[in-house]
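Visitor: My questions all concern the structure below.
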Amino acid sequence: MKIFPGIQIKQLDAYTIEQEPIASIDLMERAATALTGAIMKYRGNETPVVVFAGPGNNGGDALAVSRLLGERGYRVKAYLFNTSEHLSEDCATNRDRLLENSNVEFTEVTSKFEPPVLDKDCLVIDGLFGSGIKKALSGGFAAVVNYINASPSTVVSIDLPSGLMCEDNTYNIRNHIIRADKTLSLQLPKLSFFFAENADYLGEWELLDIGLSQKGIEETFTTWYFTEEEDIRKLIKPRKRFDHKGNYGHALLIAGSYGMAGASVLAAKACLRTGAGMVTVHAPLKNNDILQTAIPEAIVRHDAHEFCFSMPVYPDNYTAVAIGPGLGQSEETATALIEQIRLCQEPMVLDADALNILAVHRNAMNSIPRGSILTPHPKELERLVGKCESSFLRLTKARDLATTYKIFVVLKGAYTVIATPEGNCYFNPTGNPGMATAGSGDVLTGVLVSLLAQGYTSEESCKLGVYLHGMAGDMAKEKLGERGLIASDIAENLPAAWIKLTQSID
Ligand SMILES: NC(=O)C1=CN([C@@H]2O[C@H](COP(=O)(O)OP(=O)(O)OC[C@H]3O[C@@H](n4cnc5c(N)ncnc54)[C@H](O)[C@@H]3O)[C@@H](O)[C@H]2O)[C@@H](O)CC1
Ligand SMILES: Nc1ncnc2c1ncn2[C@@H]1O[C@H](COP(=O)(O)OP(=O)(O)O)[C@@H](O)[C@H]1O
Ligand SMILES: [K+]
């Protein structure tokens with residue numbers, strides 16, 4: 001699914017109006033009908049409703065929703081803020097339509113606003129501003145936002161919480177944004193929905209199909225995407241009757257210093273559970289027994305060093321290499337890592353301490369094979385690119401890193417985003433806060449190198465791997481809940497996730 005900037009959403013509206021064709025006011029009616037349906041599912045008509053409408057098309061939607069709810073037996077009070085005496089055409093038409101409708105108690109605010117009582121049983125519909133907002137709300141609008149936010153009422157926002165920008169909220173005024181319990185967004189998600197600092201404003205969000213032109217959506221350029229399960233299913237390669245382990249690659253995992261053997265165990269297990277034909281773990285001597293006991297399916301290759309990685313591995317015997325989980329950052333490890341990166345010619349996976357070492361040996365970035373996959377969490381990314389003031393700026397920097405070095409940057413977290421060498425960004429929907437537990441990232445590294453080893457391209461490995469990893473986490477959550485979930489559970493649930501994903505394929 002595509003994610004468009006606000007400006008392109010406007011163009012898409014215009015395209016739909018012209019191509020369908022449909023009158024702008026009828027498109028608004030279609031949006032309002034979808035919104036009304038969703039609101040009716042959320043709260044029955046015993047709920048008193050108070051609607052706040054702004055002067056633009058978001059306000060137009062809100063006034064149309066007021067009328068439709070009134071017709072369906074809801075007790076609705078609607079306030080239209082027309083303080084600059086300029087309404088969009090469709091907003092004005094909906095005001096007139098509402099005035100003809102005696103079911104709704106309607107007030108047009110032109111100067112002084114006498115706020116209604118908003119108690120806890122009330123449902124507030126926030127239609128002050130949507131995708132057309134250009135700067136932070138201020139003055140009277142900020143006061144209305146504060147009034148709504150201070151109330152105990154449940155708040156549903158139309159399209160996006162008023163005051164929230166579609167993309168960059170770095171310099172927005174945070175307490176001038178509506179805090180919704182639910183956001184009913186029209187057709188497509190907005191980029192700002194994927195950023196942690198906006199979660200409290202959005203509440204739960206849901207997309208409503210308002211029938212914007214599919215052809216228009218297909219033809220409109222974007223660099224942002226929200227991955228869907230059908231995109232992922234298309235990537236999966238079937239297994240054939242006469243296949244043998246040689247067909248599924250041999251992954252090399254360089255991981256786990258002494259005291260961190262667990263990282264290599266988790267990654268190796270995940271690598272095997274993702275389907276690699278063979279896995280070799282290169283590990284310090286001291287970790288041998290742990291690895292051989294914990295994961296008998298893996299081959300263990302010994303470093304000369306007892307405690308850490310010190311000896312680069314010639315990569316030609318392997319189909320893919322991953323390095324980093326639990327590696328440590330000692331001087332000999334840093335030297336060996338830099339040499340290892342030089343030896344590798346094919347895309348590799350770099351995670352955790354490999355990234356921390358690169359952050360202090362920036363020159364080595366130039367030796368990373370094109371198409372390699374870096375999997376930083378936000379802190380690791382900031383070590384590489386510097387401090388970021390917001391998630392939007394962090395995304396921009398992750399993308400710059402990907403395009404500069406022609407690599408894939410997998411920025412981990414809720415809605416993990418994959419930035420490609422071409423500058424595209426794919427947000428992943430799977431995963432849950434139960435995965436915020438030590439070792440989850442090590443599991444992801446194992447998944448990714450496994451897919452690379454099996455012959456998936458780097459881009460396919462990122463999309464499929466991140467999705468599968470999150471799905472395994474979601475399946476673990478179904479059985480164990482979020483709080484007790486640990487990283488091994490994610491690895492253990494990879495087979496179940498595969499089964500679910502391949503149901504109609506195998
Ligand atoms: N155009 C269309 O055909 C459709 C649009 N829809 C709705 O239209 C919305 C977008 O409508 P608009 O483009 O009219 O934009 P908005 O309704 O979000 O707001 C635009 C108005 O707000 C003013 N404004 C912008 N920033 C402000 C600020 N900081 N303080 C005070 N005023 C400010 C603008 O000057 C303009 O008058 C969407 O969010 C959606 O709800 C839907 O009706 C679906 C169809
Ligand atoms: N709230 C969340 N929602 C979805 N996925 C999450 C969430 N928290 C963590 N994860 C996932 O768990 C993994 C954590 O990785 P990382 O931070 O590297 O952990 P560690 O270093 O402990 O292995 C990432 O893949 C991340 O996307
Ligand atoms: K709104």
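Glycine too: its Cβ is placed from the backbone N, Cα and C atoms.
The annotation (6S)-NADPHX binding site is assigned in TrEMBL to 57-61, 130-136, Asp159, Ala263, Gly326, His377, Asp442. The K(+) binding site annotation in TrEMBL covers Asn58, Asp126, Ser162. The AMP binding site annotation in TrEMBL covers Lys412, Gly413, Ala414, Tyr415, Thr416, Gly441. Taken from TrEMBL, the feature domain 'YjeF N-terminal' covers 9-218. Summarising the annotation, TrEMBL assigns domain 'YjeF C-terminal' to 228-501.
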Visitor: Determine the C-alpha span of the AMP site listed in the record, that is the greatest distance between any two of Lys412, Gly413, Ala414, Tyr415, Thr416, Gly441, in Å to the nearest whole number.
Guide: 14
Visitor: Can you list the residues of the same chain, besides Asn58, Asp126, Ser162, whose Cβ falls within 8 Å of the K(+) site's Cβ centroid?
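Guide: Close Cβ neighbours, site residues excluded: Phe52, Gly54, Gly59, Ala62, Gly127, Leu128, Phe129, Gly130, Ser157, Ile158, Asp159, Leu160, Pro161, Gly163, Ile178.
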Visitor: If you measure from the C-alpha of Lys412 (AMP binding site), which of the binding-site residues Asn58, Gly60, Asp126, Ser162, His377 fall inside 10 Å?
Guide: His377
Visitor: Which entry in the list of binding-site residues, Lys134, His377, Lys412, has its Cβ near the fewest other Cβ atoms, using 10 Å as the limit?
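Guide: Selected from the binding-site residues Lys134, His377, Lys412 on minimum Cβ neighbours within 10 Å: Lys134.
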Visitor: Kindly point out which of the binding-site residues Ser131, Asp159, His377, Lys412, Gly413 have a C-beta less than 6 Å from some atom of ligand 2.
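Guide: Cβ under 6 Å from ligand 2: His377, Lys412, Gly413.
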Visitor: Setting Lys412, Gly413, Ala414, Tyr415, Thr416, Gly441 aside, what same-chain residues sit with their Cβ within 8 Å of the center of the Cβ atoms that define the AMP site, listed in sequence order?
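Guide: The answer, listed by sequence position, is His377, Leu411, Val417, Asn428, Gly431.
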Visitor: Which residue, out of the binding-site residues Gly60, Gly413, Gly441, shows the minimum number of other Cβ atoms inside 10 Å of its Cβ in this structure?
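Guide: Counting other Cβ atoms within 10 Å of each of the binding-site residues Gly60, Gly413, Gly441 gives the minimum at Gly413.
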Visitor: Sort out the sequence-distant neighbours of Ser162 (K(+) binding site) for me: same chain, 6+ apart, CB within less than 8 Å of its CB, listed by position.
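Guide: Long-range Cβ contacts: Phe52, Gly54, Asn58, Asp126, Gly127, Leu128, Phe129, Gly130, Ile133, Leu137, Phe141, Val145, Ile177, Ile178.
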Visitor: Tell me, which binding-site residues from Asn57, Gly60, Ser131, Lys134, Asp159, His377 are within 10 Å of Thr416 (AMP binding site) if we use the C-alpha atoms?
Guide: His377
Visitor: For Asn58 (K(+) binding site), which DSSP three-state class applies?
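Guide: In three-state terms, Asn58 (K(+) binding site) counts as helix.
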Visitor: Taking just the CA atoms, what is the gap between Tyr415 (AMP binding site) and Gly60 ((6S)-NADPHX binding site) in Å?
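Guide: Here the two Cα atoms lie 32 Å apart.
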Visitor: Of all the binding-site residues given, namely Gly413, Ala414, Gly441, which is spatially nearest to Ser131 ((6S)-NADPHX binding site) at the Cα level?
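Guide: Spatially nearest to Ser131 ((6S)-NADPHX binding site) by Cα position is Ala414.
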